[in-house]
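Enquirer: Quick paste from Swiss-Prot:
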ACT_SITE  D38  active site, proton acceptor
ACT_SITE  K147  active site
ACT_SITE  C180  active site, nucleophile
Amino acid sequence: MPRPSPCADSGGGMMTTLTARPEAITFDPQQSALIVVDMQNAYATPGGYLDLAGFDVSTTRPVIANIQTAVTAARAAGMLIIWFQNGWDEQYVEAGGPGSPNFHKSNALKTMRKQPQLQGKLLAKGSWDYQLVDELVPQPGDIVLPKPRYSGFFNTPLDSILRSRGIRHLVFTGIATNVCVESTLRDGFFLEYFGVVLEDATHQAGPEFVQKAALFNIETFFGWVSDVETFCDALSPTSFARIA
């Protein structure tokens with residue numbers, strides 16, 4: 001059943017143009033999705049996995065607020081909201097054993113091997129670490145998807161969910177820009193999706209230059225980069241043009 005929108009009626013779809021780098025991009029919000037990547041305590045809260053693994057999460061609060069703003073605007077415009085949660089079962093079977101590169105490269109798994117007292121606490125489904133931050137709450141009509149790897153397209157129904165709804169444009173927010181956000185956007189690019197990142201609604205894992213490098217990669221090779229204020233302006237009723 002189509003999602004309602006205050007910006008369109010039965011006369012046809014509505015298009016808007018988002019100012020972005022390297023150039024503006026035009027899309028129909030009702031055939032687009034806002035994707036919120038891994039806004040879990042693990043990635044955005046002191047005491048979560050990233051913090052315990054030695055990454056700086058002290059500047060994530062503005063990102064949370066900006067995501068709230070973007071979600072509100074997207075929902076009002078009739079965009080599908082998709083929330084990802086990264087993690088595994090309590091026994092970490094889904095994480096893969098020594099035969100998986102994920103076993104060797106996941107900083108969560110490596111941190112637990114170094115600190116056995118954390119075993120079962122990091123990114124385990126049902127744990128505080130796995131939960132979305134308190135400020136971000138999915139609403140009826142949103143879709144919440146678990147994912148076992150960095151990319152939201154790997155071993156998830158994301159592609160079929162999007163294709164069944166005719167969605168081709170994806171707007172990304174979340175953490176970490178240089179890991180799960182970029183991985184999902186890149187995989188989407190290879191599957192013919194148009195990906196946009198809202199830079200002030202994302203946060204990197206690592207130094208500030210990592211954020212800049214990820215955004216450079218995205219705007220140069222794989223997608224587009226904009227910001228929350230510009231995104232919200234593009235979704236205001238005065239910004240829409242009707243398509244036949």
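Just so you know, glycine gets a Cβ as well, placed from its N, Cα and C.
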Enquirer: Using a 10 Å cut-off on Cβ-Cβ distances across all protein chains shown, tell me which of the active-site residues (D38, K147, C180) has the largest neighbour count.
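Expert: Neighbour-count leader: D38.
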Enquirer: Kindly assign D38 (active site, proton acceptor) to one of the three DSSP-derived states: helix, strand or coil.
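Expert: SS state of D38 (active site, proton acceptor) = coil.
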Enquirer: For C180 (active site, nucleophile), name the DSSP secondary structure in the helix/strand/coil scheme.
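Expert: In three-state terms, C180 (active site, nucleophile) counts as helix.
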Enquirer: Sorry to bug you, but what's the C-alpha spacing from D38 (active site, proton acceptor) to K147 (active site), rounded to the closest Å?
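Expert: Between the Cα atoms of K147 (active site) and D38 (active site, proton acceptor), the distance comes to 9 Å.
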Enquirer: What whole-number Å value do you get for the CA-CA distance of the residue listed as 'active site, proton acceptor' and C180 (active site, nucleophile)?
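Expert: Their Cα atoms are separated by 8 Å.
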